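Engineer: According to Swiss-Prot, the protein carries these features:
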BINDING   13, 173, 174  ATP binding site
BINDING   54, 141, 153  substrate binding site
DOMAIN    278-355  domain 'PUA'
């Protein structure tokens, strides 16, 4: 069974029922500060940590005097707009005593469908982690109408985990794992300790285990598990209401682990390799050797570019003899790539009229 301290990069999803008192609508400050202590402990061990947090609507509705029942879409968006400020400030205040810098990142599931936005969000998160910050990710509830209606922070957390190549995703929830049935309705329901494969029988067991404040249920958690494990990320569902929930999990709290068969990097390369290329980039002999040595593809090593493709689109990488070396996600459009081919990275801004990334295709976005 996995342990948190063996992870390199960890994504933790926090449900709104954990952050907000269901009776008063107030923030559970003591719980949040205990979570912050856990994050500091993990970072002290060398882990990268990203938090994906619900709670903006739950916090905002109390400030606006809205009922704690289902809200019309416009009121949900208004509550999110008010609550998001308070949510970000609460995390900043909780982590500041540990000398941890926080960053707010608002995304939607649609950001993963547009490859240009996907690459941009990935680069931003990687930069924040490299600088030692803890990104606090939330879906942009003020504009993401589908996400508000259906509650997708579980899947959003899985998408973030896959995007950044995390090896573990922890869903802190109001249930302590995945059961054979809904334990509130079925006293005979039993909890799985480990699920190695999500079978049709497992899917059929997923019932709605949501709360009055959380909008996600067990079905969305199972969808998150499918997405995460396919991307090489193991996932755990555990009950998160105790203080210091991550240390509690590390010390043996009840949970269900969904195992991943591939490591994140291998899963990502398989995903890239399976895409249909939108163009070809032919490299010179020096660049071909550099790629084989694990380097990124720089404009200086590009001999020719064919095809009409956009930023983030997959392209085939060909050697000087026309042999296919692999493929990757290009950080420039076809026209931009043609303009900067053969040039030094330092000349990109002068050539295009605006600054760009040094690599045409980063090694992390390449499958050879």
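One-based numbering along the chain as shown.
Cβ atoms here come from the backbone N, Cα and C positions, even for glycine.
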Engineer: I'm trying to understand the geometry here, so how far is the Cα atom of residue 173 (ATP binding site) from the Cα atom of residue 54 (substrate binding site), in Å to the nearest whole number?
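Structural biologist: Cα-Cα, rounded: 11 Å.
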Engineer: Write down the Cα-Cα distance for residue 153 (substrate binding site) and residue 13 (ATP binding site), rounded and given in Å.
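Structural biologist: With the alpha carbons as reference points, the distance is 8 Å.
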Engineer: Quick one: pull the CA-CA distance for residue 153 (substrate binding site) versus residue 174 (ATP binding site), whole Å only.
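Structural biologist: Residue 153 (substrate binding site) and residue 174 (ATP binding site) have their Cα atoms 14 Å apart.
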Engineer: What's the CA to CA span in angstrom from residue 141 (substrate binding site) over to residue 174 (ATP binding site)?
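Structural biologist: The Cα atom of residue 141 (substrate binding site) is 22 Å away from the Cα atom of residue 174 (ATP binding site).
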Engineer: What is the one among the binding-site residues 141, 174 whose Cβ has the most other Cβ atoms less than or equal to 10 Å away?
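Structural biologist: Checking each of 141, 174, the winner is 141.
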Engineer: How many other Cβ atoms are found within 10 Å of the Cβ atom of residue 54 (substrate binding site), counting all protein chains shown?
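Structural biologist: 28, counting other Cβ atoms within 10 Å of residue 54 (substrate binding site).
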Engineer: For the domain 'PUA' (278-355), how many residues does DSSP put in helix, in strand and in coil?
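Structural biologist: Its residues fall into 26 helix, 21 strand, 31 coil.
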Engineer: Compute the average pLDDT of the predicted model within the domain 'PUA' (278-355).
Structural biologist: 95
Engineer: May I ask for the distance between residue 174 (ATP binding site) and residue 54 (substrate binding site), taken between their Cα atoms and rounded to an integer number of Å?
Structural biologist: 13
Engineer: Need the DSSP three-state call for residue 173 (ATP binding site) to compare against my parser.
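Structural biologist: Assignment for residue 173 (ATP binding site) reads strand.
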Engineer: Take the Cβ of residue 173 (ATP binding site) and count every other Cβ within 10 Å, whichever protein chain it belongs to.
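Structural biologist: Result for residue 173 (ATP binding site): 27 neighbouring Cβ atoms inside 10 Å.
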